[in-house]
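S.K.: Got these off Swiss-Prot a minute ago, pasting:
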type	residues	note
BINDING	His81, His83, Glu87, His126	Ni(2+) binding site
BINDING	His81, His83, Glu87, His126	Fe(2+) binding site
Amino acid sequence: MKAYMYDNQPGDQRLPHDSGRAISTEALGKLGVLYFHFANIADVDRLAADRGYKNRDEITVSPEKMGGMYEDKVKMFFNEHLHEDEEIRYIKGGQGFFDVRSKDDNWVRVRLEKDDLLILPAGIYHRFTTDEANVPVPRIVRTCHEALQGRAQMDAIE
């Protein structure tokens, strides 16, 4: 895992966009974002059970698995959104990026690799993108998992 401030430069979302300003796991924790590294799925299962999770799904984000829907799905995952419940994301292989909003409204990018697990708190704005490889991402959720609209859309409604 590597966390840093997103550079906000234009270009492919699947590139690192590393500003060079590192963010510690302690700073992530202050945002409510928790990081773990579990090489054993039994440890993931135990954490999920301890936190009251009952449901899970897995999605493989790749052109081979998604076919013609791939580009649209990658763009959809990168739309800023939040959930009413906490969620766990565990990377079984490959690499992906989670961007989470900091308290001062900037993006913090968290690069996750195989066996990395991230817990996102309820109500945090976030988005996800793969790198250019195929990434299976099990999503472990407590109950229903509905994405609420992004900040720009929510502001427009109010």
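Even glycines carry a Cβ here, placed using N, Cα and C.
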S.K.: Among His81, His83, His126, the binding-site residues in question, whose Cβ has the most other Cβ atoms within 10 Å in this structure?
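M.R.: Buried the deepest by this measure is His126.
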S.K.: With every protein chain in view, what's the tally of Cβ atoms within 10 Å of the Cβ of Glu87 (Ni(2+) binding site), excluding that atom itself?
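M.R.: A 10 Å sphere around the Cβ of Glu87 (Ni(2+) binding site) contains 18 other Cβ atoms.
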